[in-house]
Amino acid sequence: MTTDFSKNAVERPEPSKAEVKGNVPTWLQGTLLRNGPGIFSVGETSYDHWFDGMAIMHSFAFKDGEVTHRSRFLRGDTYKANMAANRIVVSEMGTMAYPDPSKNFIVKAITFLNHTVPDFTDNGASNFIKYGNDYFATSETNYIRKIDPVTLETQDKVDYLKYLPVNLASSHPHYDKDGNAYNFGTSIAEKGKTKYTLFKVPAASEKDKGKNALALKNVEVVCTVPCRSMLTPSYYHSFGMTENYFIFVEQPLKLDILRMATAYMRGVNWASCLKFCPEENTLIHLIDRKTGKEVETKYYTGAMVVYHHVNAFEDDGHVIFDVITYKDNSLYDMFYLSKLKENPGFHDKAYSKPSYRRFALPIHSDKGIAVGEDLVKLKYTTACAVKEKEGKLKCEAEVLCEGFELPRMNYDFNGKRQRFVYGNCVEESALSKQISKFDTETKEMVYWNEDNCWPSEPVFIPRPNGESEDDGVVLTSVINSNPGQSCFILVLDGKTFKEVARAYVNTELHKDMHGFFIPQ
């Protein structure tokens, strides 16, 4: 198969049994959903950025040692409008859509006015979210699309703004042991203020189970965090959660709202309104889950870019959180399709290799502590938090490893101290040719790779009643460009990271974003 990232995918909506080599554990019962861009050109028009492609969803259903695959395009309003016009008419973050040159002046004027206050896309090509009984394809706009997790058929369009004032929302929520979902959204100029809104979507109650009741109708605002600049809110992709705290990183990667409002008129895309400010600090907001209020101590660190949180936990008066960081925002620019065609191996001199970093936030009082003293007293980390003045700490992280992205772990350990993390190795480029299991205690890394194969983000599935943190399997979909060979879903032992089985699918797979496992 090809690694041409601008090639349109082909959907396979009917279930097809995969050819299994090895032995898929019979306890593995459920469906792995994966999501990512799949359509990059419509008619004579093409998207400029890989992230903008219209979504294709894949499902890999595991039952009694067998694997069944199917795929469908997300048929939302964006898909329908583009296909009906046979051209791209809905703008995405990296691609500004313009009216057909043959249209009259009135149509062009209306198009301009519509773009002054952007109505965002419902092209949910980033991830899946579970709210109540429902599953949604999501990106990071105010729109999410309900899907059937079995057939992958597209269902209702849901607008966050009908239930709470958020214009943008993270595609990486957290879930507690009761099934409640927590997420962050950005409220732009709401009542004259721009803020970050943390909200809770309650789990489906017993009376709602099996009913078609939208859980978002019962959404609760947990707290709001003021934006340090009303017209330039921070971009974020994820956040952290422990038993008692939420961690929100307000990084100096900012969306310029005024520039976004005038982007269409200026002939530029919305991504050009995303600016990294290396001279500014990164603010770390620690929010008490019980009170819904930010703790009094102010934490900050130097400028950085974070897309993915790994985990967070509490230990002896500290909140520890792990994140994947970059020194700048060059990663986004590498995924413009013109660059991918020029540089299919992703070997770009501008590539900013990510670092897996650990921060430690002391939550005990700093009264009586001298200015300049480190308040972190944990022996297993070199992370520090130095008192700058009363109630303000400057944090420096410990680097656990380099060139590691798309981190996943045993989610049963979310909010607890975990040892193992699975992820993609991106030492040399943003295109991963191998995945690894990383031991945060010994710093050892075990790898899986195969010639001419590109694995997706790995997803860990715990064995029911497993005896240890890594007792389970790791699933990754693999693009196979070896001549005459098919793509496959790979099953690795979570402990040894050795192959247990693979299931070849009778279709091409494309590079995707994230996966979500639904146990049966």
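Residue numbers in this text run from 1 along the chain shown.
Every residue, even glycine, has its Cβ placed from backbone N, Cα and C.
Those TrEMBL annotations? Automatic predictions, nothing curated.
Here TrEMBL flags HIS172, HIS237, HIS308, HIS514 as Fe cation binding site. For the recorded site, HIS237 (Fe cation binding site), the DSSP three-state label reads coil. HIS237 (Fe cation binding site) counts 19 other C-beta atoms within 10 Å of its own C-beta, drawing on all protein chains shown.
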Cβ contacts of HIS172 (Fe cation binding site) (under 8 Å, same chain, 6 or more positions away):
ASN127, HIS237, SER238, PHE239, HIS308, HIS309
Give me the count of other Cβ atoms within 10 A of the Cβ belonging to HIS308 (Fe cation binding site).
21
